[in-house]
Amino acid sequence: MTQPPDMDIQPARRSFWRNLSPVWLVPVLAVAVSLGIAWRSFNDRGVLVEITFQNAAGISPGETAVRLRDVPIGHVERVAFSPDLSEVIVFTRIDRTVAEVIPPDASFWVVRPEVSARGITGLTTVLSGVYIEASFLPGTDDSARRFTGLETAPLVAPGREGTRITLRAPDGNRLTPGAPVLYRGIQVGHIERPRLMDGLDGIVVDAFIEAPHDQRLTTATRFWDTSGFSVSLGPSGVRLSVGNLASLLTGGITFDTITSGGAPVAADMVFELYTDENAAREGAAIGAAVNALRVSAEFDGSVQGLNAGAQVRYRGVRVGEVTSISPRVTIINDTPSVRMQVSLALDPAAMGLADDAGPAELEQVLSGLVAEGLRAQLAPASFFRTSLVIELVERPEAPPATLMQPENGVPVIPSLPSDIPDLTATAQGMLGRINSLPIEDLLTQAISLMATAETLIGSDETRAAPGAVVALMDEARKLIGSADTQALPGDIRSAVAGLSGVLEALNEQKAVDRLVAALTAAEEAAGSVSTSVEDFPAIAEELRAVVQKADALEIEGLIASANKVLDSADRFINADGTQSLPPALTGALGEIEAALAELRAGGVVPNINSTLASASTAAEAVAEATKDLPQLAARLDRLVDQAEALVGAYGARSPVNEEILSALREARATARAFSQLARALERNPNSLLFGR
């Protein structure tokens, strides 16, 4: 039997993972964590950036931070010198995300406490320490790792919109870095640090005008200094020009567009910086000398005070300037004469011509003006200045002249003699008048006045005056603060309220209408009385006539005489002689006796006596009636007084008041007439009968 072959048996291979133990995971994880921490630590270190400064005052490695807009973005790692020891290199670690966007034009500076004319800055560093401030706009070029630090903070932050210009000035005495740039009193920018011009006299300073105010800049814009204040004396008096507080402390400049027609400006354009506004306006009045008309004027005598650059004025407006002054020899009648020739440059635009007008147009206009009397004349620049200017004056009464054209081709304007006051003679005259003043007498009077004033001030009465005034004020204060004085307003208000109530009651009861009706009735009664009184003179005249006739009759004497006659007649008739008269006489006597008997029988004497008794009775009745007239007059007076008092409360200017017062005056006059009549009748009741 065949035996099977032996089988190839190989031992089983043990798995690699079978030999691993979970314990090995601990060192693996530890290594992984260590690597992660190492990577994170390396990544958190940031990018090394070198910043060069002149010195490292206040910078401490590991403590000084680097900030962007007050947010920490890194720190100082170490500080070292440059190879030549001229600078200090500050090695900083900047956050990698920030370092990737730092452009090459980034700015770095050290923030420290600083006190300047603009104020105090960096106060936060007193407690926290200095730090490095960064300023830049994020960019894509992250290759820059070395920067030069600034000594001070930049005045214009990167990315700020606006226009940067350059100003040129003779000196920078009043120009401070950071001084404001104003436009009509509002700050629209600031200037940077002035610097000297290379190879030239003067200084230049960069100014930054913020957007959108930079759009106001044109080629016609003028800048002038407004720092401090200026005082000027002119025809209108003393003028004080003071800028704002910032300009007073730090200096400042302002600008404005003086003339129209300017073109927009580009960045870094250069402008002139004038000393004041007047100089800026005068500079704007004369444009470029390219199209200026060159003319000249000749003067006799000295032109001391006239310099090149002096103004040429026409009707008070600057139209040009003096370019040169030189003597010129002229021969007149074979005699040499020296005259001072002054060259002028006249601007056509300043003379009122179009902006594109040239010298030819201005020469034509000037020729016509000279024919009408235009002349050149020297004049003082101002009252207190000895400098001179050229005035183009109009003198129609001047001798005829033309704009001369000499051989050199420069037109010559006719001139007039100078009318410049001699300030020296005026000053000498003023000093002479001052010397002639009685100074000693004035001083004596002043000393006497001061002595009198000192005596007056030192007198006891004057010293006691303040105490008296204080006492008077105390008394016045006590009087005003007394209870009675304090109660006066309330009493016045109560009185006014009561008077208002009375007036309202009178208005409600129609007292004025009733008073007017009563016065009308009184006026009618007075009219009736006046009519009655007017009849009294006629009655009195008639009674007077009757009495006069009665007095003229002499009744009692007549009766006595008649009785005597009758007795005599009786005796005569009964006489013996009478008996012997003729019968005719006897008949006549009988008739007379019969007549007398008839008179006795007719009662003539009793009738006369009765008439006289009636007249006496009438007089007594009139006298009795007049006794009531004074009482009536008194009542009318009281009525008139009450009515006047009542009407007076309604105002002195009202039409009703005027009519009532007129009626009252008439009533009072009537009452006075009654009163006078009553007194007259009381004194002499018979005046109604006899008229006197």
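Glycine is no exception: its Cβ is also placed from the backbone N, Cα and C atoms.
For reference, TrEMBL has these:
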COILED    622-684  coiled coil
DOMAIN    46-133  domain 'Mce/MlaD'
DOMAIN    162-222  domain 'Mce/MlaD'
DOMAIN    294-391  domain 'Mce/MlaD'
TRANSMEM  20-39  transmembrane segment
Residue counts (helix, strand, coil, in that order) that DSSP gives for the domain 'Mce/MlaD' (162-222): 4 helix, 31 strand, 26 coil
Positions whose Cβ lies under 8 angstroms from the transmembrane segment (20-39), at least six residues beyond its ends: none
Counts by DSSP class (helix H/G/I, strand E/B, coil) across the domain 'Mce/MlaD' (46-133): 8 helix, 43 strand, 37 coil
Residues in the domain 'Mce/MlaD' (294-391) grouped by DSSP into helix, strand and remaining coil: 13 helix, 49 strand, 36 coil
Per-region confidence, the domain 'Mce/MlaD' (162-222) (mean pLDDT, whole number): 84
